[in-house]
Amino acid sequence: MSLFVHPLAPLALALVLLGSGAAVRAGERDHELARAALQHGQVLPLRQVLDKVEREYQGQVLKIEFERDDGRYIYEIRLLQPDGRMAKLKVDAVDGRVLKIKRKGDH
């Protein structure tokens with residue numbers, strides 16, 4: 001028996017776990033935007049992006065947001081790194097390039 005997990009399932013789960021009604025409503029818009037962009041071949045699947053992030057940056061994914069910023073699709077991923085610091089990565093959803101990294105404690 002084969003189990004199929006939709007590529008955006010982790011995003012949907014992360015958004016549901018946010019908890020507040022307003023956050024979930026915003027998350028639903030993120031999810032719909034991400035799903036439409038994926039169906040039209042405009043972005044990489046979230047799983048592909050997460051595989052790359054997890055390979056290149058050690059840490060546990062805590063939160064994922066999908067947004068359109070200045071006409072560019074972005075995955076914003078928050079990680080808890082092994083040293084206990086939080087990292088926020090902005091990843092180009094089209095090609096998977098990490099555009100920006102901000103770590104708590106960095107200047």
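The backbone N, Cα and C atoms fix where each Cβ goes, and this holds for glycine too.
All TrEMBL annotations are machine predictions without curation.
Residues or ranges marked as signal peptide in TrEMBL: 1-25. Per TrEMBL, domain 'PepSY' is recorded for 45-101.
According to DSSP, the secondary structure content of the domain 'PepSY' (45-101) in residues is 11 helix, 30 strand, 16 coil. The predicted model assigns the domain 'PepSY' (45-101) a mean pLDDT of 93.
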